[in-house]
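All remarks here apply to the structure that follows.
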Amino acid sequence: MEFSVAHPAVKAFMCGSLSGTCSTLLFQPLDLVKTRLQTLQSGVQPGTGRVGMVTVFVNVLRTEKLLGLWRGVSPSFVRCIPGVGIYFSTYFTLKQRYFSSGAPGPLQAVLLGAGARCVAGVFMLPVTVIKTRFESGRYRYSGVFGALRSVCQTEGPKALFSGLMATLLRDAPFSGIYVMIYSQTKHLLPPEISQSSYAPVANFSCGVLAGVLASVLTQPADVVKTHIQVSPDVFSRTSDVVRYIYKEHGLVGFFRGAVPRSLRRTMMAAMAWTVYEQLMAQIGLKS
């Protein structure tokens with residue numbers, strides 16, 4: 001099938017997948033550092049020295065060398081390339097179906113972003129579980145497919161969907177908030193900027209602002225999700241993780257890893273949306 005005659009949703013999928021590839025490769029180290037920071041909570045007792053982002057970063061370089069920062073990039077690719085594609089194609093389809101006559105309002109933008117993320121999140125959750133375990137450093141899998149086989153044999157297929165509720169509680173609000181802020185701030189741009197050669201830079205800046213706010217608001221759900229997926233034998237329910245984190249580390253425990261996650265999610269989302277919109281414009285489709 002030639003690209004020029006492909007269905008618009010297929011084109012949106014391809015543009016989204018390409019944008020996801022670029023952003024994932026660039027910002028994978030931040031995701032690894034975020035995961036290590038969050039999973040360190042299990043082994044750090046209250047009152048001990050604080051382990052920060054720089055400490056984890058240096059430790060990875062010392063023990064696993066430079067390429068260690070890209071540990072887990074294979075499952076990240078397996079997740080993000082189709083995952084981002086599914087997200088953008090779903091978003092495009094929903095927007096064309098319900099808002100083809102005009103731009104969605106703030107609440108409608110939230111529903112669009114959250115709905116598209118839920119669809120992509122459910123489809124890609126098994127790979128998300130494997131990616132999180134790869135990055136944690138606690139598991140020694142031979143590869144993505146070896147990890148899938150190992151989990152199914154030792155824990156059952158159900159383990160591949162561990163943290164589903166926490167993942168949706170994190171990703172759906174993040175995407176909804178992000179799309180709402182991103183779309184509304186873009187509308188505030190004057191025409192001389194939004195219609196000029198500086199539009200990609202301006203759009204990226206809007207994406208950064210939206211990403212920071214959305215990341216901070218959804219950080220607690222990300223911490224809970226990571227604990228469930230890394231230690232499914234210890235935490236069987238979301239409420240168990242919430243009680244554990246609060247008891248051992250207080251409210252601050254829910255924001256462990258916030259800096260690297262905010263950096264990564266913000267930069268990845270801003271880049272993915274900017275690249276996606278530029279690619280869609282190049283092929284004559286309104287994103």
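In case you wondered, yes, glycine gets a Cβ from its N, Cα and C as well.
What Swiss-Prot records for 7-97 is repeat 'Solcar 1'. Confidence over the repeat 'Solcar 1' (7-97), given as mean pLDDT on the 0 to 100 scale, stands at 83.
Residues or ranges marked as transmembrane segment by Swiss-Prot on the basis of sequence analysis: 13-38 (among others). Sequence-distant contacts of the transmembrane segment (13-38), counting only residues of its own chain at least 6 positions beyond either end whose CB sits under 8 Å from a CB of the stretch, comprise 3, 6, 51-53, 56-57, 60, 68-73, 76-77, 80-89, 132, 135-137, 222-223, 226-227, 230, 256-257, 260-261, 263-264, 267-269, 271-276, 279-280, 283.
Marked as transmembrane segment by Swiss-Prot: 72-98 (among others).
According to Swiss-Prot, the repeat 'Solcar 2' annotation covers 104-188.
The annotation transmembrane segment is assigned in Swiss-Prot to 110-135 (among others) on the grounds of sequence analysis.
The annotation transmembrane segment is assigned in Swiss-Prot to 163-186 (among others) on the grounds of sequence analysis.
Here Swiss-Prot flags 198-282 as repeat 'Solcar 3', drawing on sequence analysis.
The annotation transmembrane segment is assigned in Swiss-Prot to 202-228 (among others). Same-chain residues lying 6 or more positions outside the transmembrane segment (202-228) and placing a CB less than 8 Å from one of its CB atoms are 35, 38-39, 41-42, 132, 136, 162-163, 166-167, 169-171, 173-175, 177-182, 185-186, 189, 193-194, 235, 238, 241-242, 244-245, 253-258, 261-262, 265-267, 269-271, 273-274, 277.
If you look at the transmembrane segment (257-275), the same-chain residues 6 or more away from its ends with a CB under 8 A from one of its CBs are 15-16, 18-20, 22-24, 26-27, 30-31, 33-35, 37-38, 53, 84, 174, 178, 182, 200, 203-208, 210-212, 214-216, 219, 222-223, 226. What Swiss-Prot lists as transmembrane segment is 257-275 (among others).
When Cβ-Cβ distances below 8 Å are used as the criterion, the transmembrane segment (163-186) is approached by residues 87, 91, 103-104, 106-107, 109-118, 121-122, 125, 128-129, 194, 202-203, 206-207, 209-211, 213-215, 217-218, 221-222, 224-226, 228-229, 238, 241, 265, 269, 273 of the same chain, each at least six residues removed from its ends. For the repeat 'Solcar 2' (104-188), the DSSP-based tally of helix, strand and coil residues reads 71 helix, 0 strand, 14 coil. Long-range contacts of the transmembrane segment (110-135) within the same chain, counting only residues at least 6 positions beyond its ends with a Cβ under 8 Å from a Cβ of the stretch, are 31-32, 35-36, 71-72, 74-76, 78-79, 82-84, 86-88, 90-91, 94-95, 99, 104, 141, 144, 147-148, 151, 159-164, 167-168, 171-180, 226, 229-230. The list of residues near the transmembrane segment (72-98) in space but at least 6 beyond its ends in sequence, with Cβ under 8 angstroms from a Cβ of it, reads 8-10, 12-17, 19-21, 23-25, 28, 31-32, 35, 104, 108, 112-113, 115-117, 119-120, 123-124, 127-128, 130-132, 134-135, 143-144, 147, 175, 179, 272, 276, 285, 287.
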